Structure formats: structure tokens, C-alpha cells
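Taken from Swiss-Prot as is:
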- Lys173: site 'Important for interaction with integrin' (SITE)
- Lys181: site 'Important for interaction with integrin' (SITE)
- Lys183: site 'Important for interaction with integrin' (SITE)
- Lys192: site 'Important for interaction with integrin' (SITE)
Amino acid sequence: MATVPEPTSEMMSYYYSDNENDLFFEADGPRKMKCCFQDLNNSSLEDEGIQLHISHQLHNKSLKHFVSVVVALEKLKKVSLPCSQPLQDDDLKNIFCCIFEEEPIVCEVYDDDAFVCDAPLQSLDCKFRDISQKSLVLYNSCELRALHLNGSSVNQQAVFRMSFVQGDENSNKIPVALCIKEKNLYLSCVMKDGKPTLQLEMLDPRVYPKKKMEKRFVFNKTEIKETLEFESSQFPNWYISTSKAEAMPVFLGNTKGGQDITDFTMELSS
């Protein structure tokens with residue numbers, strides 16, 4: 001163990017000063033003095049001019065600080081430094097490695113579900129029609145159908161709340177959740193009889209919608225000119241679709257440009 005040299009009387013009176021507003025180390029500070037220990041016998045340190053500078057301006061001074069500096073200097077005595085050139089930054093880095101002990105950094109991984117975002121969820125109230133002008137209507141409180149409406153029957157058109165949720169990052173697609181407003185019925189995609197199927201699920205309004213929805217409720221919205229497509233996040237390449245026939249259920253289809261209609265127009269609802 002390295003022997004700590006006895007501090008001079010000048011240094012001890014300095015360390016036990018009553019001025020608590022002094023700074024401990026200040027490289028270019030005023031009224032600084034040098035303290036050179038007589039037993040630093042390493043010629044490389046002396047030749048390169050490594051010295052301890054102590055300022056009269058201290059903060060949080062203690063004997064522990066003094067001892068730490070002396071121990072560091074004792075360690076420096078054991079460091080072999082080349083004397084052929086002035087001290088470089090890399091040499092100082094190696095000196096630090098000898099003085100200080102490296103400790104591992106422990107990174108803690110947190111579950112995103114454990115955190116709740118305080119920011120309100122962005123949403124829009126809207127109505128949809130397919131490109132053949134069929135409106136989406138709630139039928140028997142459990143099924144969504146597409147049919148042409150006119151006159152007073154226009155009021156039957158379902159009003160959706162489209163919430164912008166978390167999903168796969170894609171610059172061309174926006175993840176959303178679709179809920180029939182006032183009914184808390186969410187469009188979801190599940191596997192039934194070996195085929196992706198669109199259904200309505202009633203959810204607790206105190207919990208839903210939320211930023212991180214279950215994947216079956218998420219649709220990737222794509223805007224093409226003035227029309228929209230809604231692709232299932234759970235089943236890629238499957239889209240919310242309507243039939244060309246009248247009053248048929250809205251379904252999940254994987255055919256674009258054929259008998260299935262996958263393009264919709266949106267109208268904001270007040």
C-alpha cells in the first residue's frame with residue numbers, strides 16, 4: 001500500500017480554512033500555489049513537469065480530497081512514460097486508466113407497457129363511403145354493412161372515431177384504430193375457420209382507445225390521391241372491403257381491383 005506523505009503546515013492550514021465558498025480545483029484560478037512532493041522519484045514525471053496545482057479557492061474541501069490526490073500521485077510514480085517527446089493527450093488517457101478503476105455500466109430494460117403516455121390520443125370523428133358511394137351502416141348492432149342511402153335514411157350512416165395509435169413505422173402508412181362512435185364497437189381482425197375475418201368488438205371506454213392498441217385493432221391507413229385504404233396490421237395484404245352487391249357485410253379481403261372494393265372516401269363529422 002502506498003505511503004501517504006505528511007502534508008506541510010501551509011497545506012494543512014489551507015485545507016482547514018473556514019472559507020466554504022472556495023473552489024477545490026481551478027486550473028487557471030488566481031492565487032494558486034504549487035505543492036511538489038519531495039519523494040516523487042520517477043524521473044519521467046519530473047522531466048515532463050507533472051505537478052499538483054492547488055488553488056486558494058476551494059469548495060467542499062476535505063482531507064479525503066487531499067488523500068485522494070496524494071494516492072493518485074503515488075500511482076503515477078509506477079507509470080512508465082516515454083521521455084523522448086512532450087506529454088500527449090493519449091499519454092494522459094493511459095495515466096487515467098492507471099489511476100481510476102473502470103466499473104461496468106448496467107443498463108436496465110423497461111417494458112413499454114409499464115408506462116402510460118400523458119399526451120391525449122389524437123382522433124377524428126368521420127364517416128366513410130366506398131368508391132361506389134355506398135355508406136357504412138351498423139346492422140342489428142353487431143354487423144357492418146355497405147348500402148346506398150338517400151333522403152332521411154342518410155342518418156343511418158355510422159359515425160366512426162378514428163384514433164391515431166402506435167404501430168409499425170412506415171412513412172406511407174398511418175396506424176389507426178376504428179371505433180363506431182357511441183357504441184364502443186371496434187373493428188378487429190381475427191382468424192376464423194382458417195381465414196382472416198373482420199368483426200366488431202365492444203371495449204371498455206374507460207380503457208380504450210389507447211396509444212398501444214392490440215394488433216388486431218390496428219389498421220394501416222394509406223392515402224391514394226383522394227381515397228383511403230385500410231390494411232390489417234394483424235394480417236398484411238388483407239384490407240377492409242365491401243362487395244359491389246347492395247347491403248352486403250363489410251369484410252376483410254385480399255383482392256384489390258376485382259369484385260372487392262378496398263378504396264374509401266372520408267367525410268369529417270361534427
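Cβ coordinates are placed from backbone N, Cα and C, and glycine is handled just like the others.
All features noted in Swiss-Prot, drawn onto the structure.
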residue: Lys173; record: site 'Important for interaction with integrin'; contacts (Cβ under 8 Å, 6+ apart): Gly167, Asn220, Lys221, Thr222, Glu231
residue: Lys181; record: site 'Important for interaction with integrin'; contacts (Cβ under 8 Å, 6+ apart): Asp125, Ala158, Val159, Phe160, Arg161
residue: Lys183; record: site 'Important for interaction with integrin'; contacts (Cβ under 8 Å, 6+ apart): Leu138, Ser141, Met202
residue: Lys192; record: site 'Important for interaction with integrin'; contacts (Cβ under 8 Å, 6+ apart): Gln199
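DSSP assigns Lys181 (site 'Important for interaction with integrin') to coil in the three-state reduction, placing it in neither a helix nor a strand.
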